[in-house]
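Asker: Relevant sequence annotations retrieved from Swiss-Prot are reproduced here:
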type	residues	note
ACT_SITE	14	active site, proton acceptor
ACT_SITE	42	active site, proton donor
BINDING	13, 14, 15, 16, 17, 18, 19, 41, 42, 43, 315, 341, 342, 343	GTP binding site
BINDING	14, 41	Mg(2+) binding site
BINDING	14, 15, 16, 17, 39, 40, 41, 42, 135, 149, 230, 245, 313	IMP binding site
BINDING	309, 310, 311, 312, 313, 314, 315	substrate binding site
């Protein structure tokens with residue numbers, strides 16, 4: 001039997017999961033996406049010098065840039081067929097073989113044009129201060145249709161008459177909402193049908209029973225890597241609701257969103273920045289000013305190049321929040337942590353760690369459940385000395401500055417999860433390994 005590892009973001013997304021998934025695929029034969037859609041963005045930097053290439057992926061699992069690794073899109077993913085085919089074409093144009101190594105579950109709900117129209121119209125209608133910060137890509141409305149049992153799924157594409165009947169029914173409902181409630185234009189039935197059917201034959205060879213394929217791979221002794229998107233604090237159930245995404249981003253979804261049994265998941269790796277970031281609206285207790293020069297927040301934003309891969313919006317930045325990570329660790333059952341972007345903190349004289357909050361006159365050591373309570377939290381900080389030496393590209397634990405090691409050990413103590421990996425740069429080999437998830 002192989003060993004299977006789940007990689008999860010523990011904050012509000014953008015933790016650096018793509019690089020770690022790519023690095024781990026050196027020991028995996030398969031990589032699986034199990035939730036989200038093309039609202040997720042992973043940036044991979046592969047190669048050295050003039051041969052270096054940057055890949056920006058949204059739907060295709062990060063393992064695709066590793067030769068011979070099979071990639072799977074599980075039933076928990078919502079699929080924009082046009083975007084997927086465009087992404088595949090982009091990869092193939094630079095010599096990455098995709099189609100022979102990619103499987104798509106027939107159960108993936110399809111993102112169609114009316115989902116995008118609904119997403120954008122709803123966000124535009126929200127008053128300032130209540131905007132979610134959606135990417136406007138139709139993710140939320142597609143998940144709504146899935147739960148309401150009216151979604152069109154990938155396998156529906158291969159039955160044109162049935163697809164047209166279902167489309168007419170669901171479009172009648174959504175056009176009523178668009179025109180009567182949101183005061184925007186209706187979506188044309190024929191245009192939607194033609195757009196969907198255009199992609200059917202291109203997708204057909206890629207569609208397989210992913211659940212069965214993963215079971216067979218596991219039985220054959222393959223190591224499998226489950227690639228989470230977004231982060232735990234954006235989870236629709238466990239995040240800062242309603243400022244969340246529309247899917248479950250936690251480790252438990254790896255099973256539900258791919259069709260493998262929970263007992264087949266052996267190790268959960270939580271990816272965590274050495275500080276915190278957030279894109280879009282919602283409470284952020286340890287948030288700092290990122291606009292004022294020569295401040296810690298500005299350094300995090302500028303040195304960390306904190307711009308959203310998908311949205312191109314500036315990410316909000318703040319001190320590491322151990323109380324938030326403590327909740328993430330429990331929800332996900334984390335086996336180990338991977339700390340990323342440690343070098344962004346190089347040169348700061350002091351570092352602060354949020355260890356808990358004051359809420360209604362009481363001290364709490366765990367991120368509250370509701371966004372309203374989180375917004376009222378006053379962070380409690382512990383101060384630690386910084387370091388002046390560089391940590392960028394360091395490959396051995398003992399070569400890190402003493403204060404950097406002390407900072408990492410303190411994070412470990414506060415969160416109750418061992419730091420197994422430290423990422424010190426975007427390259428594959430800029431990684432310190434204390435314990436390998438695959439036992440290598």
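Yeah, the Cβs are placed from backbone N, Cα and C, and that goes for glycine too.
Have a look at these and tell me how they're positioned relative to everything else.
Answerer: DSSP assigns residue 14 (active site, proton acceptor) to coil in the three-state reduction, placing it in neither a helix nor a strand.
Secondary structure from DSSP puts residue 342 (GTP binding site) in a helix.
DSSP classifies residue 41 (Mg(2+) binding site) as coil under the three-state reduction. The Cβ neighbour count for residue 41 (Mg(2+) binding site), using a 10 Å radius over every protein chain in view, is 19.
Annotation note: residue 314 (substrate binding site) sits in a strand segment as assigned by DSSP.
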Asker: Provide the three-state secondary structure of residue 230 (IMP binding site) computed with DSSP.
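Answerer: SS state of residue 230 (IMP binding site) = coil.
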Asker: Want to know which binding-site residues, from 230, 313, 314, are within 10 Å of residue 13 (GTP binding site) at Cα; which are they?
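Answerer: Hits: 230.
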Asker: Looking only at DSSP and grouping its letters into three states, which state does residue 135 (IMP binding site) belong to?
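Answerer: For residue 135 (IMP binding site) - judged by DSSP and reduced to three states - the answer is coil.
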Asker: Validating a neighbour-count step here. Other CB atoms within 10 A of the CB of residue 135 (IMP binding site): how many?
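Answerer: So the number of other Cβ atoms within 10 Å of residue 135 (IMP binding site) is 23.
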Asker: Spatially speaking, which of the binding-site residues 39, 230, 313, 315 is closest to residue 14 (active site, proton acceptor)? Use C-alpha to C-alpha, please.
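Answerer: If we rank 39, 230, 313, 315 by Cα distance to residue 14 (active site, proton acceptor), first place goes to 230.
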Asker: Could you say which of the binding-site residues 39, 230 has its Cβ with the most other Cβ atoms inside 10 Å?
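Answerer: When each Cβ's neighbours within 10 Å are tallied, 230 tops the list.
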Asker: Quick one, of the binding-site residues 17, 19, 312, 314, 315, which Cβ has the fewest other Cβ within 10 Å?
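Answerer: Across 17, 19, 312, 314, 315, these binding-site residues, the one with fewest Cβ atoms within 10 Å is 312.
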